[in-house]
Amino acid sequence: MRYLTAGESHGPQLTTIIEGLPAGLPLTAEDINTELARRQKGHGRGRRMQIEKDAAQIMGGIRHGYTLGSPVALVVENKDWTHWTKIMGQGPLNKDESEEVKRKITRARPGHADLNGALKYGHRDMRNVLERSSARETTVRVAAGAVAKTLLSQLGIEIACHVLEIGGVQAEKLPYSSLAELKEKTEASPVRCFDPTAEQKMMDAIDEAKKNGDSIGGIVEVIVEGMPAGVGSYVHYDRKLDSKLAGAMVSINAFKGVEFGIGFEAARKPGSEVHDEIAWDPEQGYYRKTNRLGGFEGGMTTGMPIVVRGVMKPIPTLYKPLQSVDIDTKEPFAASIERSDSCAVPAAAVVAESVIAWEIAAAIVDQFSSDRLDVLQAAIEEQRRYAREF
Ligand SMILES: Cc1cc2nc3c(=O)[nH]c(=O)nc-3n(C[C@H](O)[C@H](O)[C@H](O)COP(=O)(O)O)c2cc1C
Ligand SMILES: C=C(O[C@@H]1CC(C(=O)O)=C[C@@H](OP(=O)(O)O)[C@H]1O)C(=O)O
């Protein structure tokens, strides 16, 4: 399975084409829109989220609520486009229009893609970079992830995300009885956090950063339950599923690190306190007594829950901008600012859940290759039985 996305942040729409989905998967725009709405929420977002009301239009690949096996094309409109038609003009400038109309950007923001993107593609107007480097693109990545999640749920695989840390405020690791409980409680939280005490402190930290014209980052966690053992492979570097998940996590705008299970803590502990002892019983088959390695050994799933975390740096656009250089004059200037989030960690958690869902679904479709959902379902059931009795 693969997908591509296209579209600029202030252009007319975002588009994705998803290829390789099995036929017979029940899928509606509503399944996707629920996920798009989740990504729009979260304390700390800027004014743009009040303008947008993200909704997917299905432009191909689905008939009467089921995938056909042909490419699925999805489109999400940018409502903000109506305010940007001139600036984003798709044709050449009219003779009577000045260059001013482009609202040219020449003062790169430290931490954003502006300067590197401009010099890579030879753009003297950094709007040509920011329009595509913007995390607006994550809208359609969440749409693709929603499709992947629909497939995973048909295979008995569940996925959830939550926020562990914002601006140095850490959530306590409170126990939850099921992913359903985690989902329900964090869905109601303005910062997608399970710990109500930390939740308020996180919101205060965001308000404080906003008041100071600053921004803050944080840590999100994604959990996947119900994975059969043996998905992925150890035989080649590019078939290790944990590496694909790590790549997907760090591909999210502003994500700078990733860890599985106890993660970086493993560097500070002896092997006896890191590796998970193996046991077997007739009901579960093989299982690990602990899950410190977060569901992977040798680039393959162990059948234990996948636990993967990602760290998001603070948003680069600051209302109190850092020093930068104007690429036209080479003079020092404050970086440019039009509008920005002050913290997007809760939204980014949904993006993280989506990209992980995609990688897992893609690995399953790749390994148990099937053109039909019913055949794929039977193959996954058989893999579970085989692994249990092996
Ligand atoms: C959901 C989400 C919202 C974001 N909102 C903003 C924003 O409002 N302003 C901004 O400067 N960066 C924002 N970012 C981060 C930038 O897109 C990101 O820092 C930039 O593309 C440069 O990429 P890098 O940080 O991965 O190097 C956001 C990221 C995510 C995931
Ligand atoms: C539009 C979204 O996020 C945007 C991501 C973003 C960036 O630089 O990454 C900058 C901001 O864009 P704007 O200047 O239009 O407000 C965010 O709002 C979105 O998440 O849908």
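Note: Cβ is positioned from N, Cα and C throughout, glycine not excepted.
The following features are taken from TrEMBL:
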- Arg39, Arg45: NADP(+) binding site (BINDING)
- Arg132, Ser133, Ser134, Asn253, Ala254, Gly298, Lys313, Pro314, Ile315, Pro316, Thr317, Arg339: FMN binding site (BINDING)
Please determine which of the binding-site residues listed here (Ser134, Thr317) has the lowest count of neighbouring CB atoms within 10 Å.
Ser134
Write down the Cα-Cα distance for Arg39 (NADP(+) binding site) and Arg132 (FMN binding site), rounded and given in Å.
18
Other CB atoms, at most 10 A from the CB of Arg45 (NADP(+) binding site):
18
Looking at the binding-site residues Arg132, Ser134, Ala254, Lys313, Ile315, which have a C-beta within less than 6 Å of some atom in ligand 2?
Ser134
Relative to the Cβ position of Ala254 (FMN binding site), how many further Cβ atoms are located within 10 Å?
19
Please go through the binding-site residues Arg39, Arg45, Arg132, Ile315 one by one and keep those whose C-beta falls under 6 A from any atom of ligand 1; give the result in sequence order.
Ile315
Return the residues near Arg39 (NADP(+) binding site) by Cβ distance under 8 Å, restricted to its own chain and a separation of at least 6 in sequence.
Asp54, Thr138, Thr139, Val142, Ala347, Val350, Val351, Ser354
Let me know the largest Cα to Cα distance in Å among the FMN-binding residues Arg132, Ser133, Ser134, Asn253, Ala254, Gly298, Lys313, Pro314, Ile315, Pro316, Thr317, Arg339, as an integer.
44
I want to check the contact list for Lys313 (FMN binding site): same chain, sequence separation of six or more, C-beta distance under 8 angstroms. What comes out?
Gly111, Gly217, Ala254, Phe255, Lys256
